[in-house]
Structures are given as structure tokens and as C-alpha cells.
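Participant: Please see the structure below; I have some questions.
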Ligand code: SIN
Ligand code: FE2
């Protein structure tokens, strides 16, 4: 259950559906720290544009931290314990990341969320993520927690069928979306990023998505 007083204490938050909400500004006060961690992580594991199964270069650049990392290549999408480029484990989830993910999930009614993967997306102007379901995780009882940082974007929130026309929600630096329960398999995506400048992120939008993969 969503905390009953939540929508009274934060007017910028909206319920997206059952077990799904967009928490306006939830991570804003730690936004700069989160971006600093992203830069530290990317010094160790550079962002890269992976290939889709069909051989297309993704417009979004990605890197992973946590016990498992999400990868895409000619053999498809999956989570791995080792970075295929280095043969080494992914960097650990920073405690600040873990704490944020657990707190956000809790607000939407998912207690003790313990993600084992964090995919970090980096969007430059024009980059987009087409409508998809997050379906590479074995544990579908856990929610997805998604943190927006830097430039604003349009978050597309569809239905359980790809044909449902998505609702467009603008997401800003520090907004956190959580979806689980009967909303866990909703199609979602990000519209092509508009050019802009953000004081903490420059010409980029970053997104952290926390998942429990197994
Ligand atoms: C995702 O669907 O994995 C990320 C969505 C986003 O960048 O906000
Ligand atoms: Fe997704």
C-alpha cells in the first residue's frame, strides 16, 4: 500500500497505476552526489553504446554496477556477473545508491527492496529508449526503481500491451519512478532527448535503474 499521506506531503508526485508512482524530486537533494558517483564509476567502467540483438548501436550509452550487469549483444539481452569486456566483476553498488532505491521502493509500498543490479543510462540529445518491458529479471515480485538526473526528458508510460498509446510524463533531475506489482510489466520508454544544459550534468541526462534480477 502507498503511504496514505504521501500525496498530501508532496504535490509533485503522481500515481502512475497500481503499485506505480512518479516521486517528484525524491532524490533532488542528493542529485549532485549521485552524479559524482556516476563519474567515478565511469572512470573505472566507461559508458558504452551496446548493440541490440539485431546489430543496431543503441543511442543510449550504458554502464553497470552491482552484483549483476545488464548487457545486450548479438545473442540478446541478459544479466551477467562479469563484465564481458574485462572478465571482471562489476563495481559494487555505492551505499548511497542502495539506500535511495530502498527508500523510494518503500514509499510506494515495496518493503525491503534489495536490488542486485543498477543499470546507468546516459542520454545525449537525440538519444531515446523505445517502448519496452523490463523482462530480463527472474524476480518479477520486486519493483523497478528509476532515478532521473540532469536534463529533463519525456517518460513514456504505456500499458501491458505495446499497442496502448503511452501517457507522456516530463521527468526532471531528482525525480524517481517506481513500478511493481500489477504495473511491473508495463511498457515504458524515453522520448528523444531535447538539447539543453543542466548545471550538474551538462548536456546529458542520466538514469539509474535498480533491479532485483533473481
Ligand atoms: C529504462 O527503462 O531502463 C530506463 C528509463 C529511463 O531512462 O528513465
Ligand atoms: Fe526499462
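Note: Cβ is positioned from N, Cα and C throughout, glycine not excepted.
Okay, so TrEMBL annotates it like this:
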BINDING   70, 77, 78, 79, 136, 162  substrate binding site
BINDING   121, 122, 123, 205, 206, 207, 208, 209, 210, 211  2-oxoglutarate binding site
BINDING   132, 134, 188  Fe cation binding site
DOMAIN    114-214  domain 'Fe2OG dioxygenase'
Participant: Do any residues at least six apart in sequence from residue 208 (2-oxoglutarate binding site), in the same chain, have a Cβ closer than 8 Å to its Cβ, and if so which, in order?
Facilitator: 34, 38, 97, 118, 119, 120, 121, 146, 147, 149
Participant: For the domain 'Fe2OG dioxygenase' (114-214), DSSP counts of helix, strand and coil?
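Facilitator: Grouping H, G, I as helix and E, B as strand yields 3 helix, 44 strand, 54 coil.
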Participant: For the binding-site residues 70, 77, 121, 132, 206, 208, which residues place their CB under 6 A from an atom of ligand 1?
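Facilitator: The binding-site residues passing the 6 Å Cβ test are 121.
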Participant: Within 8 Å of the Cβ centre of 132, 134, 188, which other residues of the chain have their Cβ, at the recorded Fe cation site?
Facilitator: 129, 131, 133, 135, 144, 186, 187, 189
Participant: Give the distance between the Cα atoms of residue 136 (substrate binding site) and residue 123 (2-oxoglutarate binding site), rounded to the nearest whole Å.
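Facilitator: Between the alpha carbons of residue 136 (substrate binding site) and residue 123 (2-oxoglutarate binding site) there are 22 Å.
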Participant: Take the Cβ of residue 70 (substrate binding site) and count every other Cβ within 10 Å, whichever protein chain it belongs to.
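Facilitator: Step by step: centre on the Cβ of residue 70 (substrate binding site), count other Cβ atoms within 10 Å, giving 22.
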Participant: Around residue 162 (substrate binding site), which residues of its chain at least 6 apart sit with Cβ under 8 Å of its Cβ?
Facilitator: 131, 187
Participant: Across all protein chains in the structure, which of the binding-site residues 79, 123 has the highest Cβ count within 10 Å?
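Facilitator: Answer by Cβ density within 10 Å: 123.
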Participant: Could you find out if DSSP has residue 78 (substrate binding site) as helix, strand or coil?
Facilitator: strand
